[in-house]
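Pulled from TrEMBL:
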{"type": "BINDING", "residues": "14, 72, 82, 83, 193, 223, 224, 234, 235", "note": "substrate binding site"}
{"type": "ACT_SITE", "residues": "81", "note": "active site, proton donor"}
{"type": "ACT_SITE", "residues": "233", "note": "active site, proton acceptor"}
{"type": "REGION", "residues": "273-293", "note": "region 'Disordered'"}
Ligand SMILES: N[C@H](CCC[C@H](N)C(=O)O)C(=O)O
């Protein structure tokens, strides 16, 4: 029986197994399905994981570069993962001592800075154009507060596709029931993640010194590839702020607090430039994992 060494990390409870890309894992999809399983997968505080990050480090580059491949529990490879990118940056920082890292993803290179209070990752420019989300040819234009399979959604690509629905109270929605029809809607030829958002009040001390009109949102996301709710979704947090601005619910270039169940993230979406995602990363443990034949 072959085993490979792995490390368990999470970014605001969006949890991942980290494996060196050179490790002898011939069937990555089977490996992810086995070890991410929430019932029978890798042990720990929470059994299983939201995916496996296969990372390849180029320590000699300046800044240091990490190629990130996220294999999800359903075997799919995601183009990008905001929380996974934060984990990859911390992994590279631990390996090299670097504080600045370039993460190479199928969605493009992403610049990251590792600081004591958290990791900031550049997330590219949110895109609403049908060709970028992508949307089916008969969509007839961007989806902005558009009814789709029972939810009113705004479709945006933040490295991966998100359908964002603004609601009064994210906890009042039965996400596992309402999300799948949107996640699989024909309007989304590559599928989509489904993200709920609700405006939240900022308590006074949270706004201390915050520039502009401080704002906050609650978030919940049903993730494509996990085929279920995760406790945080970085691309989803960026999608909340980008969609809030596009739909006129928010008008700021300042930092916005977005709170999925797993913790608080800080998002900046400039009017013209790449968005950023900032938040904590925790390394949980080392583990040796069986490699399926
Ligand atoms: N499930 C997503 C990829 C992971 C995104 C999420 N974990 C994040 O932090 O951005 C998809 O297939 O589009």
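Keep in mind that glycine also has a Cβ here, set from the backbone N, Cα and C atoms.
Features as recorded by TrEMBL, highlighted on the structure.
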| residue | record | DSSP (3 states) |
| --- | --- | --- |
| 14 | substrate binding site | strand |
| 81 | active site, proton donor | coil |
| 193 | substrate binding site | strand |
| 224 | substrate binding site | coil |
| 233 | active site, proton acceptor | coil |
Given residue 193 (substrate binding site) and residue 233 (active site, proton acceptor), what distance in Å do their CA atoms have, once rounded to a whole number?
10
Can you tell me how far the Cα of residue 82 (substrate binding site) sits from the Cα of residue 233 (active site, proton acceptor), in Å?
7
Here the 10 Å Cβ neighbour count for residue 14 (substrate binding site) comes out at 31
What are the DSSP helix, strand and coil residue counts for the region 'Disordered' (273-293)?
0 helix, 13 strand, 8 coil
In the chain carrying residue 224 (substrate binding site), residues 6 or more apart in sequence that have Cβ under 8 angstroms from it
72, 76, 78, 160, 161, 183, 191, 192, 193
Between residue 233 (active site, proton acceptor) and residue 14 (substrate binding site), find the distance joining the two CA atoms and give it rounded to the nearest Å.
7
